[in-house]
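Peer 1: Just dropping this structure here.
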């Protein structure tokens, strides 16, 4: 199956996933079931059921096949196969755990106890990892089903994938191998266990399991750096608790190449991979970054490490399992040992070449050589074991040896030579074929290299001419101020590139016109598109995997990335707008509905305001029945409302805890944008200081392009600076109008196409449509009410009106137009005598509405003369019916 996966990687919808899971769950999982069952049977002297073991192996194979089918298709059928396959695997391993527990209940445990505890714990991690894997598989198979089932699946996909990987590699595979080595390691070296081996491994097991649990928990919490510390702890516990005692037992002995050298090399690769993984996690600010560079670690840990350890273990175990005693085991190893060195070099050399080469064809050839060599090792042992079983071999003790066996120098030299020749052929076969992402590149195609930079939200140049038939290699220099990438129609991409960095993408052979774009939220809609013109092409659209102008199967549903984007979880959807009905928008909110408090507290006495804003991406209910990702300041949309007086200083610390670049723009301050409004990367912070010199209700918002998407996704709020002679009132409220543009996927922050067309899904006061219809604002008759209003947009104006009232005071953008019923033209406070609240206006002037353009604001005042329910709304009635409506209940 693994060889078939490598051979058909060009047509499989997700070849990386198939290679990992066929090797990891299929090959290694089955081998682990076999050898842990054998250890339980042999070490406890219990009679395990062979029929039950065969059934478990068949069920595991069926589960792997079902999961493979789930990734080959999409929709409801794929989700069903994902759940069924995962459930089959979980049931199989749970049955296996029960069998191990039953064997451990016997009385012949002794030193075997610690090994079986390792095996049972490892199997439990496989169950946990498989459960997480089911969630991920459903998400990949059908995003719509995943959103309806559990919307966090999409937004937390990277964190789930990291936790799943830790469970299966360090938990299941790692603990199984380490536990086996406690007793099996000295055996394959024909040596004795060190006196303290059992004690050390017994103490190491809880440390190893705890490290995996910690890694999983912190991965799910999107804290990969702490998960990296957990991986380091796992390595330390493995080395000190298991590997050091095994190494001491090997001292003075020379293990056979066919078993001992394979096992030793496998363990070495696993430790190297785990250390590399820990370093990579420690350098990752979030799970999305942590997943970007895990391919090499998986190749080392699964391919070179675990598979090779399995091969070496089976070389020793198969002759025993197939009915041989010490003499048959010895004679079998004697038959396979002459070619073992060549196979050992081919396996390890093949993996090394595959990791080092940039050519997909060379990588495939090298991995194929390694896999054939590994499979040949197992096949040879099985063949000679069966052959020795058919012969009448007398059980005689091994001949005495005068000290350790000598290194078979001739065989090692011959093996290295054979391996070198084979690998040179593999490299030559792939030389000149170019792309690491394109297995079908013409080896003789001339190469066109182009350098592209970033200017604002555009590529420069925005068009590339390439002779048809040439291979295009693009180097993108991110000269902008935020993260960008470049992905072409055939799926080839640079990956996320931070500001000031560069990345290269091999597009492949250009046979027809095509284009590339930035996948960061809203950037493509803003114009980050680069056209590739195939000069001299016949005009026919290119076809075939990996060729520019084509879209390879499965390129939009990658197990290692989401919809072609590698920049993390900052997504924006595209396509047609979602337009719910008024009845849907005004339906009863979900459980836990907590309306935004519209009350505006009085300004305090402090003149310096120190505030921290955290840019966060959270999941919350934004309308009845609609939960989705929202980009926020301090977890709320709109963000905190700040209030002060003219002359106050505000020190705002912005901390970016999101997955993409964010920034701030306070309209309340006169400052240079260069230093304060710049975009900061995830994990970074910035101090924004301004002094409020003028009164008003001032908008603030994220200033990262495209601003429309960032504002519509929730990153806005207001600062209220009181006019110096503002009149006292009984109640003050603040209304911030904004629009929502829903995407098809609830994990996407907004629909960039709908924003561009100004087709909002909802319009709201303070972030939730009709929220003050469900929880009306309450005042008393005769109380003077002031409502501050600002339009955050990003697109729509606010025509504010309160049904049943007239405004006797209107203040807009720095001045009164009406004040307590008096004409506000040139008005001073002295010309309109103060009065006690609730006694009405002193003049007859009034207003029916406050017309607020986007990014402008003001306030109105009124006194409700009678008890009743008054409606505040945007009098552009379409917007009122989309949610910009509130109820004000006036009581006697």
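Even glycines carry a Cβ here, placed using N, Cα and C.
All TrEMBL annotations are machine predictions without curation.
So TrEMBL lists the following for this protein:
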| type | residues | note |
| --- | --- | --- |
| BINDING | 662, 667, 701, 702, 710, 715, 875 | Cu cation binding site |
| COMPBIAS | 556-565 | compositional bias 'Basic and acidic residues' |
| COMPBIAS | 566-576 | compositional bias 'Low complexity' |
| DOMAIN | 437-508 | domain 'EfeO-type cupredoxin-like' |
| DOMAIN | 621-724 | domain 'Plastocyanin-like' |
| REGION | 539-576 | region 'Disordered' |
| TRANSMEM | 23-43 | transmembrane segment |
| TRANSMEM | 55-73 | transmembrane segment |
| TRANSMEM | 79-99 | transmembrane segment |
| TRANSMEM | 120-141 | transmembrane segment |
| TRANSMEM | 161-185 | transmembrane segment |
| TRANSMEM | 197-220 | transmembrane segment |
| TRANSMEM | 226-247 | transmembrane segment |
| TRANSMEM | 259-278 | transmembrane segment |
| TRANSMEM | 298-321 | transmembrane segment |
| TRANSMEM | 341-359 | transmembrane segment |
| TRANSMEM | 365-383 | transmembrane segment |
| TRANSMEM | 412-431 | transmembrane segment |
Peer 1: Looking only at the domain 'EfeO-type cupredoxin-like' (437-508), what is the mean pLDDT?
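Peer 2: 83, rounded to a whole number.
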Peer 1: Tell me whether residue 710 (Cu cation binding site) sits in a helix, a strand or coil according to DSSP.
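Peer 2: DSSP assigns residue 710 (Cu cation binding site) to helix.
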Peer 1: Measure the Cβ-based neighbour count of residue 715 (Cu cation binding site), defined as the other Cβ atoms within 10 Å of its Cβ.
Peer 2: 30
Peer 1: Which ones in the same chain are close to residue 710 (Cu cation binding site), with CB under 8 Å and 6+ residues apart in sequence?
Peer 2: 522, 631, 662, 701, 702, 703, 704
Peer 1: For residue 667 (Cu cation binding site), which residues in the same chain are close in space, meaning a Cβ under 8 Å from its Cβ, but six or more apart along the sequence?
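Peer 2: Within the chain, residue 667 (Cu cation binding site) has Cβ neighbours under 8 Å at 698, 699, 700, 719, 855.
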Peer 1: Which of the listed binding-site residues (662, 701, 875) has the least company, meaning the fewest other Cβ atoms within 10 Å of its Cβ?
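Peer 2: Fewest other Cβ atoms within 10 Å, among the binding-site residues 662, 701, 875, is found for 875.
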Peer 1: Specify the count of other C-beta atoms within 10 Å of the C-beta of residue 702 (Cu cation binding site).
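Peer 2: Result for residue 702 (Cu cation binding site): 26 other Cβ atoms within 10 Å.
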Peer 1: Would you identify the secondary structure of residue 701 (Cu cation binding site) according to DSSP, in three states?
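Peer 2: Residue 701 (Cu cation binding site) sits in a strand per DSSP.
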Peer 1: Is residue 715 (Cu cation binding site) helix, strand or coil when read with DSSP?
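Peer 2: Reduced to three states, the DSSP call for residue 715 (Cu cation binding site) is coil.
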Peer 1: For the domain 'Plastocyanin-like' (621-724), DSSP counts of helix, strand and coil?
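Peer 2: Once the DSSP states are binned, the domain 'Plastocyanin-like' (621-724) shows 10 helix, 50 strand, 44 coil.
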